[in-house]
Amino acid sequence: MARKTLRARRFFSLIFPFFFITSVYAEQTPESAKTVTVEAKNETFAPQHPDQYQSWKATSEQSAREDALAEDPRLVILWAGYPFSRDYNKPRGHAYAVTDVRETLRTGAPKTAEDGPLPMACWSCKSPDVARLIQQEGEDGYFHGKWARGGPEIVNDLGCADCHNTASDDFAQGKPALTLSRPYAERAMEAIGKPFDKAGRFDQQSMVCGQCHVEYYFDGKNKAVKFPWDEGMKVENMEQYYDAIAFSDWTNSLSKTPMLKAQHPEYETWSAGIHGKNNVTCIDCHMPKVQNAEGKLYTDHKIGNPFDNFAQTCANCHTQDKASLQKVVAERKQAIHDLKIKVEDQLVHAHFEAKAAWDAGATDAEMKPILNDIRHAQWRWDLAIASHGIHMHAPEEGLRMLGSAMDKAADARTKLARLLATKGITHEIPLPDISTKEKAQKAIGLNMQQINAEKQDFLKTVVPQWEDQARKNGLLSQ
């Protein structure tokens, strides 16, 4: 695809004034940082930044829910034994961040602050209240306890104070005042040689998004968020890191494989692609400068598909028309989807074949190399498919990861065939009917009627109590 670098650089230098951007941790003295509380209520900043606020609020228009498990029931098998096998929707607007984490079946139906399956860390990318709590309680205090503990505290959707130092003079004067509001993200950027306060403005713009649009895991007894970047950001680097510390997110209930669950590694995959390598940032494509009714330029906070603002995004660098670029992107998306399905088919068979091997009396020693292949295959598949927009951000890297996943899955199945033969099993291991989400969930033993009923009761009884308490404490507008 054609890209006129000089033209793009000139455009960006004209369209984005040189803002003085700094981290809140670097800008404020320790004394002042203790006295200025993070303001999490997004509407507080509407009078100062009306265009940005209204465009952010418009993310509520991105309301459609797409059920990824219904679209592709194979996922239920790959995530058997993990909450993602219950519920996995494709992402929607930032205005639904808190609603969606409350309503997903993955967070369970806790009755008390000490109840439920997940830790506090599961709030970490959902709200500016997280930055407020980290400031008030420290990281150890924030991460302590179960997810339900944060219910009455984390109530405002992902917004202003997640990305901006809203207490700064720069922000009051209409400047972006970008900041990393999550200390663990700041440490991760330093680990890859990108300290935020020394980064250029192009890097900072993407680093802010990279606080959340990344792979991460829950570390230690406190289940604190950490990015696995100590060895690098490529899929093999992170795999090596996880293997070295013997980390797993869960054990697949069919194959008994210690698994890794990739999250949403857009920062890593963007960095590996042509846009990241040429300093085309998340902001350039997903939050372009647009004009308001008075002709004033502002950053559009209705984060979405670049094709929705083609003239302000793609057309600044590319000479092709919109239809031509859409065709290229669609072809890349289809290529990745086709290989994704092929890998999933192999992994589904591998999990059931591993179960058959266990049932036939296989030993831990016999299964260890096989499970390692399954772990590595699914990790590489997952990092590719969990990265939203990889067909645009880094299609070559996506295909490379999926190709590697296919090879690892084939290795696992070859070893399984040999092992099963030693147990007297030479026929193909039959699969149950997993043609729908419901049938796949039944095949792994999920009682979805009970799970859904418990969730509905939680939403009707517990969540209203959280919101009432938040209003009484002044955390939500009345």
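Glycine is no exception: its Cβ is also placed from the backbone N, Cα and C atoms.
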In Swiss-Prot, C282, C285, H286 are given as binding heme c 4, so which of H351, H376, H391, H393 is in that site too?
H393
Taking Swiss-Prot at its word that C314, C317, H318 bind heme c 5, choose the one of H264, H275, H349, H388 listed for that site.
H275
Given Swiss-Prot annotates C160, C163, H164 as heme c 2-binding, which of H144, H301 belongs to that site as well?
H301
C-alpha spacing of C163 (heme c 2 binding site) relative to H94 (heme c 3 binding site), in angstrom
13
Taking E215 (Ca(2+) binding site) as the reference, which of K126, H264, H301 (the binding-site residues) have a CA within 10 A of its CA?
H264
Of the binding-site residues H164, C212, H213, C285, which one sits closest to C122 (heme binding site) when you measure Cα to Cα?
C212
Secondary structure at Q263 (Ca(2+) binding site), reduced by DSSP to three states:
coil
Quick one: pull the CA-CA distance for Q263 (Ca(2+) binding site) versus C125 (heme binding site), whole Å only.
12
Can you tell me whether DSSP puts K126 (heme binding site) in helix, strand or coil?
coil
Going by C-alpha distance, which of the binding-site residues C125, K126, C209, C285 is nearest to C163 (heme c 2 binding site)?
C209
